[in-house]
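J.: Next up is a structure, given as structure tokens.
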Amino acid sequence: MKSDYTELRAELEEKLRELIVRAQNIDNDLRKPGDEDWEERASETESDEVLASVGNLALNEIEKIKHALRQIDDGSYGKCARCGKKIPKARLKAIPYASTCTACA
């Protein structure tokens, strides 16, 4: 079963690398000292909140990808976490870290 997912594994690994870089860049941006001007600082704070939200989404996706990679390794990848049926390849191509089939999603 592992060899069936070689291409998807490569896609997941590439996406994982991209997300890790994005999360690190966001973290670096959030650690930069703010402007002394209170109006500018208010704008920066709002931007920081958006960045933090995007960072949290990236971290969530990173965890989903890591979980999918572990499933590929242990042979459980492609099985619906709810009903146990096989997740269609088309769904896995669209969402490589999908843990449920279309019917259970």
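The backbone N, Cα and C atoms fix where each Cβ goes, and this holds for glycine too.
Unlike curated records, TrEMBL annotations are generated automatically.
What TrEMBL records for this protein is below:
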type	residues	note
COILED	2-29	coiled coil
DOMAIN	10-72	domain 'DnaK suppressor protein-like N-terminal'
DOMAIN	75-105	domain 'Zinc finger DksA/TraR C4-type'
ZN_FING	80-104	zinc finger
J.: Mind looking up the mean pLDDT for the zinc finger (80-104) in the predicted model?
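T.: When the pLDDT values over the zinc finger (80-104) are averaged, the result is 95.
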J.: Go ahead and report the DSSP secondary structure tallies for the zinc finger (80-104): helix first, then strand, then coil.
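T.: Taking the zinc finger (80-104) as a whole: 6 helix, 1 strand, 18 coil.
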